[in-house]
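> Summarising the annotation, TrEMBL assigns coiled coil to 449-478. Residues or ranges marked as domain 'Ion transport' in TrEMBL: 35-255, 538-814, 860-1108. Summarising the annotation, TrEMBL assigns region 'Disordered' to 413-436, 1262-1332. Among the features that TrEMBL reports, transmembrane segment is placed at 36-56, 157-179, 226-250, 532-556, 607-625, 668-691, 785-808, 862-882, 888-907, 927-945, 987-1009, 1074-1098.
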Amino acid sequence: MFHEDAAGGWQLVAVDVNKPQGRAPACLQQMMRSSVFHMFILSMVTVDVIVAASNYHKGESFRRQYDEFYLAEVAFTVLFDLEALLKIWCLGFTGYISSSLHKFELLLVIGTTLHVYPDLYHSQFTYFQVLRVVRLIKISPALEDFVYKIFGPGKKLGSLVVFTASLLIVMSAISLQMFCFVEELDRFTTFPRAFMSMFQILTQEGWVDVMDQTLNAVGHMWAPVVAIYFILYHLFATLILLSLFVAVILDNLELDEDLKKLKQLKQSEANADTKEKLPLRLRIFEKFPNRPQMVKISKLPSDFTVPKIRESFMKQFIDRQQQDTCCLLRSLPSTSSSSCDHSKRSAIEDNKYIDQKLRKSVFSIRARNLLEKETAVTKILRACTRQRMLSGSFEGQPAKERSILSVQHHIRQERRSLRHGSNSQRISRGKSLETLTQDHSNTVRYRNAQREDSEIKMIQEKKEQAEMKRKVQEEELRENHPYFDKPLFIVGREHRFRNFCRVVVRARFNASKTDPVTGAVKNTKYHQLYDLLGLVTYLDWVMIIVTICSCISMMFESPFRRVMHAPTLQIAEYVFVIFMSIELNLKIMADGLFFTPTAVIRDFGGVMDIFIYLVSLIFLCWMPQNVPAESGAQLLMVLRCLRPLRIFKLVPQMRKVVRELFSGFKEIFLVSILLLTLMLVFASFGVQLFAGKLAKCNDPNIIRREDCNGIFRINVSVSKNLNLKLRPGEKKPGFWVPRVWANPRNFNFDNVGNAMLALFEVLSLKGWVEVRDVIIHRVGPMHGIYIHVFVFLGCMIGLTLFVGVVIANFNENKGTALLTVDQRRWEDLKSRLKIAQPLHLPPRPDNDGFRAKMYDITQHPFFKRTIALLVLAQSVLLSVKWDVEDPVTVPLATMSVVFTFIFVLEVTMKIIAMSPAGFWQSRRNRYDLLVTSLGVVWVVLHFALLNAYTYMMGACVIVFRFFSICGKHVTLKMLLLTVVVSMYKSFFIIVGMFLLLLCYAFAGVVLFGTVKYGENINRHANFSSAGKAITVLFRIVTGEDWNKIMHDCMVQPPFCTPDEFTYWATDCGNYAGALMYFCSFYVIIAYIMLNLLVAIIVENFSLFYSTEEDQLLSYNDLRHFQIIWNMVDDKREGVIPTFRVKFLLRLLRGRLEVDLDKDKLLFKHMCYEMERLHNGGDVTFHDVLSMLSYRSVDIRKSLQLEELLAREQLEYTIEEEVAKQTIRMWLKKCLKRIRAKQQQSCSIIHSLRESQQQELSRFLNPPSIETTQPSEDMNANSQDNNMQPETSSQQQLLSPTLSDRGGSRQDSTDPGKPQRKFGQWRLPSAPKPISHSVSSVNLRFAGRTTMKSVVCKMNPMTDTASCGSEVKKWWTRQLTVESDESSDDLLDV
């Protein structure tokens, strides 16, 4: 801490936190800090909670202030007071109150001390006693961390609670001022009544009754305004305010970005560790000694005894010999023509193996050298680029926004260059501040990238090592233990019967989606049906069908038509047991029962299968004729109702739903403990305050218990709102009943169990108004605060906490809870891309004719908006009832006919503009055509018949037309997609809910099929059959009076007639069974399964309604790609050839544009990726879009670990292949030039040889020299020289001649540069030797001819030497020129 010294300065002083600040001795200080002391105090708190929960109502005559519970409370209060005094003595008062926990303990000490005073006992101070249970949170560190995570950062949640309370106070005051003057309305006469009414609307319980009573009181004039007032308040309170609680809790459960990445790495490491270890059922073989299976070689000649050899060792040679024999049989024409020399083949194979090893080592050396060269080249390129940027060579170029593809490509290139080249960067003196800052940032980025790479590589290597170790362990167990991987320790590992069982068990439909020759992906028309058929094996499909048939058979069972007495129902039972016996036997023989790697009982699903089979088998063998109520036979029948859960095991997606739901059940369990703790606190308080005080006489005229005896007459009415008109002197119908002093029918607080049941019903917001009214009426108005506080804490915070935890748990198990912002955006982008489809819009006609004008009109936004307004206008016609006898119906139908003709005109214009084939390509157009056709049919029938059925058909057509407007607006389309995708993703959750509901319906028929009718169990809602039970359970799913149905099923004697022999002969219920049945069903369905649907809807809502800043690819980008795809895909099939991808990429503009001048390498990578992934075949719309999405994001930030590793490996492979192709093309060009040079050199040498031969022949046969000939030759040569252009530099380089194709083209800009045509280089016209024979050789001179040159040519040796020197000089110059050209070509490539 900081301390001020004598001079007025501040200095940092170390402070020992553990130093005692109190005056207690050291022994007491040490005892107070010991764990034994804390455990003793927590154990005393536990005992106090148990004693308080044991309290119950003992009767009015017993003096409760002097019972054993009061004495125990006094003892515990003294004990905890001494604890607080000890801590204050040890820590000092200042050190004691510095802790928030100690402040809470001090508050409890003061409150409980006042509570034990006799006059304050069983008063509002009881809250301090029951709040001691909160201290038990310290027992569990996980629970303590969870509570701190939710309520620790209490600023958000506390602000929301204050806002809710303020809203209630303000709305209550407004309602009080609005309705206090209304007569015959007692709900808003005082502020407390107004507050209770507005709070009741907030909880949605009976809010319609509040509104109806107010509407009836204010009259018809103000009724619409009052209705709007209550509806707006209800919508705001329920749809916004309660959702804010869920949002705040989800925000508190959200992790930081860095913590998410750390947890992802930890989770990957944990997965690698779990993969390394074998299951415990397999590791049990390690406890036994090794007993490898040995064989004895008896046919080997030897003088000594040959020991036994491992069977696996010999099996390698046997398998190898069999493989060699098979190879020879395939290669030879007949088996008898030659034999197989095993030793030679093994030697050849060994040589091949050594050769492969050597090649791999050479390749690794080459790869290392290439990597070093690549690093050096990358350093040079980065230095050149930096130098160009610093020198300002890029200035003056037009500023153009780069596409996201280019940006991400350069980010990846920069990351690779940092990884390879940042080690050479050093900070030197004399650098500017900006340069030093840039170097420092590069160094930091390099270190971060290096750390990320090392972590990723470490995890990848750890996974590979874990898999390898697991395989090694399995192989060692298989090698050393002969009973390992043997089903039932009987069937051999490679036995024929086991192989047959494996084939039967694992056979499944597998439609070949790839071409076996080319490997291209086939786009089948019915691929969704094929995927469904290949979802499970054939055996599982058979068992799914058998299970469904058995469930259908069970739906026909009832207490009056039992399976024990119905032979037709027994057939389905026998079929199910027989088929399941065959299935389990096949799977056990193929995979084993328990001690095998792929055993049947390897998870909870296998245990459930065996349990369902045993229950069905026992019931089929027993088939009891008499089943008493609450007996073992009835329990067996209830367990038999779990049969539909077999679908969860047979369907993989259903198993995934269960795994995602229960794999992280820890948080749900902690929330349940918190809610139970809250219920226990309020239940203990309710027992001490309300026990025995809620009872009342059933005769409303009797107030005291002493007078509640005898009988009285009770009137009977058909309905609550029905007042019978009686004659004078006539009494209402009724009957005489005895007077009874009893508690309310559905709840009481006489003990903790009943109190917790009542509070659990209140927690579901069902019946809490009744509990509030009874407490206020029989105990006092002040005690109404009790139930309001519990409802607020339990429902507004507790249930929203449950909802938030279920959603967060589902997201965590699904993998989205640990995703960072970038990773979540990437997942949203992938989901949006899966939904995106091609436009299926034909292109505009080329000419400017009638079709083109129609096309422009139908595609204009004004035309589309007009059609949408017409659809809305036609829908408004349904606001008035269409009745045949009403005269208004005819004009409405006539207007609908006019609208129908307008829509017919719209469809006709679109067909003309797009052509019939182009119009039919869009599904929206097909729907419009269908609705329009129905409208035309309705018009014909309307004018022909004109009856009620035609009006009904017209209304249906208008409704169908209204749905077409969803595709005409972006927002409506997104909303429709949200609903559709949510239904698609939640399909298996809905199926799982139905299966659970089916199990509960079957069990309800067995437990409550004959229960007598009560308040809510009647002839419409009962459990007499499975169909009616499903109807009742659907009603309970909505939360409608589920607690009243539960109490009707709890009816016990003397209010029913019991039977000792059969459960179907009694009309009594089952108290314990109803309690477990209804509470478990409501928790599982209402609190868990429905919240999973909420989680899916929230996820899809964020998927479609994310802002442009949150989207990696915006809606405009996707729309632009759809338009370009529509241009390239001329056949509108959704697929294009691979070679068209390059045209598609070159047509893209905006953020998806690829600039070939700057990003030519990226263009090559993208094209080759499509060719590699699809083997040169056709690519689909989603293939190209997926490739663009991967290239448009930073994969290091957006992709998860496994996907990142796969993507980086793919991109690295693509870069290597593209580099190889580039080098290969460059080498081909170089080879082509070398070949051209060789051919040219050969032609030059051939011409030199011919000239030498001519000179030699002329030297050996000298001709006669005539004086006239030179002049003629000179004239001819001068004429030839006049035809050739004069050049300033006489460079004798290769140039095209007149004999070449197109050789007349000359380069006038650079006459000294060699000219090329078709890869052939030729010498320019050079001086040739003078021929001395007029008839043999023509003399031509390139320049001025002198006599000296003529004389020189007369000497053959001199001529040959000079020609050789000229050729040598030319070849040197040519090599220089070629090297320059090749380097330029290399840079171009």
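Cβ atoms are placed via backbone N, Cα and C, with glycine included.
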> Using a Cβ cut-off of under 8 Å, list the residues of the same chain at least 6 residues beyond the transmembrane segment (785-808) that approach it.
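Non-local partners: 150, 157, 161, 164, 196, 199, 203, 242, 245-246, 249-250, 253, 667-668, 670-671, 674-675, 678-679, 682, 685-686, 689, 759, 762-763, 765, 768, 771-772, 775, 817, 1087-1088, 1091-1092, 1094-1095, 1098.
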> Does the transmembrane segment (927-945) come close to the transmembrane segment (888-907), meaning at least 3 CB pairs under 8 Å for residues 6 or more apart?
yes
> What parts of the chain pack near the transmembrane segment (987-1009), using Cβ distances under 8 Å and only residues at least 6 beyond its ends?
551, 554, 557-559, 634, 637-638, 640-645, 647-648, 651, 653-654, 656-658, 1017, 1022-1026, 1029-1030, 1032-1034, 1037, 1049, 1063-1064, 1069-1070, 1073-1074, 1077, 1081, 1084-1085, 1089, 1092-1093, 1096
> For the domain 'Ion transport' (35-255), report the average pLDDT of the model, please.
85
> Same chain only, please: residues at least 6 beyond the ends of the transmembrane segment (668-691) with a C-beta under 8 Å from a C-beta of the stretch. Say none if there are none.
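For the transmembrane segment (668-691), the sequence-distant neighbours (Cβ-Cβ under 8 Å, at least 6 residues beyond its ends) are 49, 52-53, 55-57, 122-123, 126-127, 129-131, 133-134, 136-137, 142-143, 146-147, 749-752, 755-756, 758-760, 763, 775, 779, 783, 786, 790, 793-794, 798, 801-802, 805-806, 809, 1088.
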